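These come from Swiss-Prot:
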REGION    1-304  region 'Formyltransferase ArnAFT'
BINDING   His86, Leu87, Ile88, Arg114, Val136, Lys137, Arg138, Ala139, Asp140  (6R)-10-formyltetrahydrofolate binding site
SITE      Asn102  site 'Transition state stabilizer'
ACT_SITE  His104  active site, proton donor
SITE      Asp140  site 'Raises pKa of active site His'
REGION    314-660  region 'Dehydrogenase ArnADH'
BINDING   Asp347, Asp368, Ile369  NAD(+) binding site
BINDING   Ala393, Tyr398, 432-433, Arg460, Asn492, 526-535, Tyr613  UDP-alpha-D-glucuronate binding site
ACT_SITE  Glu434  active site, proton acceptor
ACT_SITE  Arg619  active site, proton donor
Amino acid sequence: MKTVVFAYHDMGCLGIEALLAAGYEISAIFTHTDNPGEKAFYGSVARLAAERGIPVYAPDNVNHPLWVERIAQLSPEVIFSFYYRHLICDEILQLAPAGAFNLHGSLLPKYRGRAPLNWVLVNGETETGVTLHRMVKRADAGAIVAQLRIAIAPDDIAITLHHKLCHAARQLLEQTLPAIKHGNILEIAQRENEATCFGRRTPEDSFLEWHKPASVLHNMVRAVADPWPGAFSYVGNQKFTVWSSRVHSHAPAAQPGSVISVAPLLIACGDGALEIVTGQAGDGITMQGSQLAQTLGLVQGSRLNSQPACAARRRTRVLILGVNGFIGNHLTERLLREDHYEVYGLDIGSDAISRFLNHPHFHFVEGDISIHSEWIEYHVKKCDVVLPLVAIATPIEYTRNPLRVFELDFEENLRIIRYCVKYRKRIIFPSTSEVYGMCSDKYFDEDHSNLIVGPVNKPRWIYSVSKQLLDRVIWAYGEKEGLQFTLFRPFNWMGPRLDNLNAARIGSSRAITQLILNLVEGSPIKLIDGGKQKRCFTDIRDGIEALYRIIENAGNRCDGEIINIGNPDNEASIEELGEMLLASFEKHPLRHHFPPFAGFRVVESSSYYGKGYQDVEHRKPSIRNARRCLDWEPKIDMQETIDETLDFFLRTVDLTDKPS
């Protein structure tokens, strides 16, 4: 049976050996070049392929159409993936009549995603296993073909568990590969309600937070012990690594991070104490705990910290351009709630941020980004993170002022992007759900959905294509010049301070603000083309929490990622939004101050937006990247958002001349 194999690591080597032993004909093997920054303790798939006389390739992007075509020419009957690190596109998966199968190092549907071996140890699991499953477009979600369970012993560390998983994988493949070859397999669908998903781990994820229980920290040590990078902490600015540890449940009470004793080296935790059995100071040699204490100059009562002492004193400087806008002012509030951010902001007004102007860690300048270029360049250079939130993002302006949209949204932002490249600063760029345009996918996916817009004579797409081109420019700068970036795509965020009623009076506002103005003034609610267009509305608090986690960037998981931020469960048509808003309005305690409801009125989009407008029937996000990179889920129901948004705007209305 002819197969094409995607493989890496020890699991890749044993998978190839198992296929050959089962009589499969391997036409080609796709693998990865080794990362020089990664400790290669595992077998080489490339070397094994060469020794076996099998063609082997390591393309940067195996999903490129040229590689898809080359794989198609190999006419594989079945495809296998053994610890290949990139998602394989659906076009490749569909090439094999018998399907594609992946070996995953957990008991699916638990621990989908990356580094399951390390995550099960971090989380203190007592059981894991290996799963062979059918590959589908969504990672690790296909039907299960075979599973083998293994126990995790209390003294297991990452490398011993790795060896157990390899042994189990050999057994599983020996039992299952002949059945696949003869088309004699039983597949069991995964239970989605039991699925968990985890993202990539980096060395920075393994710092020891002493306020946590000793058992949690011990599990961290087990999960990243040699040959992984190790768990670490600091004495002042001196980093040290913990290679092995032991939990003491009944240690004397002390402040977390305090040294209880040096022989043995015992550190107080949030619950219990952690004995450092072996460790390493800086880039030195491994030594026992008592010697490590001596090397680090520790005595009873010394304090350890989770980050360098100098780093702990310096706040992260965040530059927000457009700080007075809807996202900018809510994000400022979230950042200032913590004690480790310094926020620098620029905008043409300050009404929404007036509550922060006296905050010691908020620095505001009133100005226009097209004029204050020197100030902007200086602050890009000065700050750590840059968020250029300035944009014209109201649909009526796309047809009314397309050139102004292009000049501000594209040209001014491109200049800021180039400053970030010049000074090597991290940029978090607000893309938009508009870039998906008229995509027909059920869920708009950051990595796979096509971005489809209308013809040139429809100027409403100038905003979408301006943002899309900036996305592509940022991506290219990341690939070619090492720009550290994250693109985020908001899906219809709503909440207090979204636009204002004066903007709605001239038609330059988002949908809910316009609808609220209609209710306040007693004018008919206009349903553009019947209001059947569906959107997924997201509470600003949910959106800002996701954006805050992007700024935090735990373990650098957001670097180089595109992340939809939306609530796929809060889908409603504009007509349904209007009905929900009306119901909330009729129950509001200030209702009697406003005129009677004037009804709904259906209008054509051309009469409202002008010629050159096209609408989009649906726009629902896939949020798998947000789940993977941010451990984030939207929580707030749409009705709650509507109630709070309406209440905010009604309380801004001058009621002195309103009927009571």
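Here the Cβ of each residue, glycine as well, is placed from N, Cα and C on the backbone.
Cα-Cα distances to Arg619 (active site, proton donor) place Ser433, Arg535 within 10 Å, out of the binding-site residues Asp347, Ser433, Arg535. A gap of 47 Å separates the Cα atoms of His86 ((6R)-10-formyltetrahydrofolate binding site) and Lys526 (UDP-alpha-D-glucuronate binding site). In space, Asp140 is the closest of the binding-site residues Ile88, Arg138, Asp140, Asp347, Lys532 to Asn102 (site 'Transition state stabilizer'), judged by Cα positions. Across the residues the record lists as binding (6R)-10-formyltetrahydrofolate (His86, Leu87, Ile88, Arg114, Val136, Lys137, Arg138, Ala139, Asp140), the two Cα atoms farthest apart are 16 Å from each other.
Residue pair Ala393 (UDP-alpha-D-glucuronate binding site) / Asp140 ((6R)-10-formyltetrahydrofolate binding site) shows a Cα separation of 37 Å. Close to His104 (active site, proton donor), meaning Cα to Cα within 10 A, are the following binding-site residues out of Ile88, Asp140, Asp529: Asp140. In the three-state DSSP scheme, His86 ((6R)-10-formyltetrahydrofolate binding site) falls into the coil class. Each residue in the region 'Formyltransferase ArnAFT' (1-304) has a pLDDT score, and their mean in this model is 95. Ile88 ((6R)-10-formyltetrahydrofolate binding site) sits 26 Å from the residue listed as 'active site, proton acceptor', counting Cα to Cα. DSSP assigns Asp347 (NAD(+) binding site) to a strand segment in the three-state reduction. A helical conformation is recorded for Ser433 (UDP-alpha-D-glucuronate binding site) in the three-state DSSP classification.
When secondary structure is read from DSSP and collapsed to three states, His104 (active site, proton donor) falls in the strand class. Cα separation, the residue listed as 'active site, proton acceptor' to Arg535 (UDP-alpha-D-glucuronate binding site), rounded: 11 Å.
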